[in-house]
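Undergrad: My questions will all concern the structure given below.
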Amino acid sequence: MVTPTNNTKTYTLNNGTVIPAVGLGTWQASEEGAAYNAVKVALQNNYRHIDTAAIYGNEEEVGKGIKDSGVPREEIFVTTKLWNADHRDPASALDASLAKLGLDYVDLYLIHWPVSWKAGTNDNETDWDYVDTYKELQKLVGSGKVKAIGVSNFTKKKLERLLADPEVTVKPAVNQIEAHPLLPQPELYDYLKKNDILLESYSPLGSTDAPLLKNATVQEIAKKNGVEPAALLISWAVQRDAVVLPKSVTDARVIANLKTFTIPDEDFDALNHLAEKVGTTRPNTFSEFIVADEEELASPSYNNAASPPPSPVTGSYTTNNPTISSANDFFKPGSWAPKVDLSSAFNPFMTQLSGAINENDQVRERQYTGGDTLDEPVWVTLKRDLAQIGKRLVIVLWPLRLKKLARLQQGRLIDFAASNGISIPQSIISSRRISVDENTRDDEGNGGGDFNTAMMENNLTWDLWGPLLFSLTYSVTLGLTAAGGNLANSVFSGSFAFTWLLYLAIGLNIQLLGGSVSFLSAISALGYSMFPIVIGGLICALVVHWWVLRLPLMIIMTIWSVYVSALSLECSGVLPGRVVLAIYPVCLLYTLMSWLVVIT
Ligand SMILES: NC(=O)C1=CN([C@@H]2O[C@H](COP(=O)(O)OP(=O)(O)OC[C@H]3O[C@@H](n4cnc5c(N)ncnc54)[C@H](OP(=O)(O)O)[C@@H]3O)[C@@H](O)[C@H]2O)C=CC1
Ligand SMILES: O=C1Nc2ccccc2C1=O
């Protein structure tokens, strides 16, 4: 039994600045007064390090909390971050942050993400990237407004590219990344150590609602040592010589989170190995956008990376979250294909596969696309919903990228099956695996488009607007073209009810076949993939009246719809081999729907 005590550890950054090991995180301290209170309570209870960012929208409150805490400014280490849309003009962005904070300087100024957006937008810059941004940041060093500069969410590859630039003369002092026992990032950890760049661990408790506190191993080790799981996770980060940034707006938790203890070697070792357990997953949905470039994921060193000291690990580090690569994969600025984030449109995929899913993931999976729409103008909600429908339609109309994603997902499912003793015929394995060439891409010159709108919209798991719109359009078209006006009503209601009943049945079937996609996501994907049939129906109703022409047109549309829904099923966690069972009723449904179009 140990009693955690206030942590006073500090590190010296590569430019000589001293930074306290434990800092207060402030993302999502967004309710009025929350950040102010948390910062004030923290500082009055011995914290000396506060982490904020321009995008958190709470710099004013943070500044006021600092001022009202009564702690002298020079005793406090304050970090803020440059937002993606301000990459071309960090000097002005820094001035704006300082004005809000009410400070003359910040101790650390970070590039929040290695992604440059055009000012005031979420669109990627095409002739500017994070290296250009960093060079602008370097100019701030002599201004007296920043003590140190650094980066956040940079992969090893991006850091290598940054450091290789001859005009980069100031080494980043830190790289702030997601890091905890389920995401130790061993290769990046080693790289940062070697290059004297301090690792700052964000989301040490697993982020929103602290899902890592429910992890069985974490609970077991915490219990054994007589400490709270939060204290264990925070202590683990410090013990591996990283900064750690737990966030809380609850007074008692803020105070508790500064208290750490020395984890016995054996337990520290167990935590270092936790992520190697097959099936361990990253707890967050947003984390998929940040860690690995495609090459890093593909590289054996990523999958067999060294574990943090003091106990080197020889096993493999695995993550089952396929969207880590897919987000990178499908945002490819400058590419000729539509710039659409497929991962967010067909998102839930396979985090559940491992059985290691926690409650929090499940709740997120079932969240409605639009988030909380009650507090915003109707027009904003409507615009977002329309954009969402448009985005998904592009995916349906351009299924080639969905195909690539499907192959990646199926490849990972095969790996999962292999490591869990589920046998899959060799023929299916070879037809489903993506080739290495297909799976790699050149990241150079890429302004970091792997983030883009996805970050803001990363919970886009399902919506029923499209299915509703298309089933209505289909039923209205059929009703209006049905022989004799008096039949219109019955045909409309009959086909509408029929379509939805089958959706529900197929959605259920996908669940029974072990798909990790939620029920509503399945219906959403089905509804959207019906789009070609709806278009075919409209064309038939408006211009093509002769069945000899209708038939081939509707055959093509049916194949198209079936193809798209098969791909989304492949993405949905249904094991290879079972996809046929899932697609069979979909085939029947679409064929029937098309047949009705041909004959009415
Ligand atoms: N650079 C970047 O891109 C990012 C940086 N960050 C930084 O890292 C900080 C921390 O990460 P964050 O994602 O916020 O998540 P954390 O892992 O710090 O977890 C925060 C959650 O844990 C809860 N919590 C905190 N302490 C306890 C406790 N002792 N017991 C139980 N629950 C607890 C909080 O609830 P409550 O507040 O209600 O108490 C909150 O729901 C951020 O605030 C931000 O400053 C985070 C993400 C990305
Ligand atoms: O600081 C951050 N917290 C986040 C959570 C979700 C997505 C992005 C971010 C940040 O940039």
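For all residues, glycine too, the Cβ spot is worked out from N, Cα and C.
Under the heading domain 'NADP-dependent oxidoreductase', TrEMBL lists 22-274. Annotation comment: TrEMBL describes 452-596 as domain 'Yip1'. Per TrEMBL, the feature transmembrane segment maps to 464-488, 500-523, 529-548, 555-575, 581-599.
I'd like to know what surrounds each of these features in this structure.
TA: Within the same chain, residues 474, 477-478, 495, 499, 502, 505-506, 509-510, 513, 515, 526, 530, 533, 536-537, 540, 547, 550-551, 554-555, 557-558, 561-562, 565-566, 569, 574 sit at least 6 positions outside the transmembrane segment (581-599) and bring their C-beta atoms closer than 8 Å to a C-beta of that stretch.
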Undergrad: Looking only at the domain 'Yip1' (452-596), what are its DSSP counts of helix, strand and coil residues?
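TA: With helix first, then strand, then coil, the domain 'Yip1' (452-596) has 115 helix, 0 strand, 30 coil.
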Undergrad: Tell me, what is the mean pLDDT of the domain 'NADP-dependent oxidoreductase' (22-274)?
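TA: Across the residues of the domain 'NADP-dependent oxidoreductase' (22-274) the model's pLDDT averages 97 on the 0 to 100 scale.
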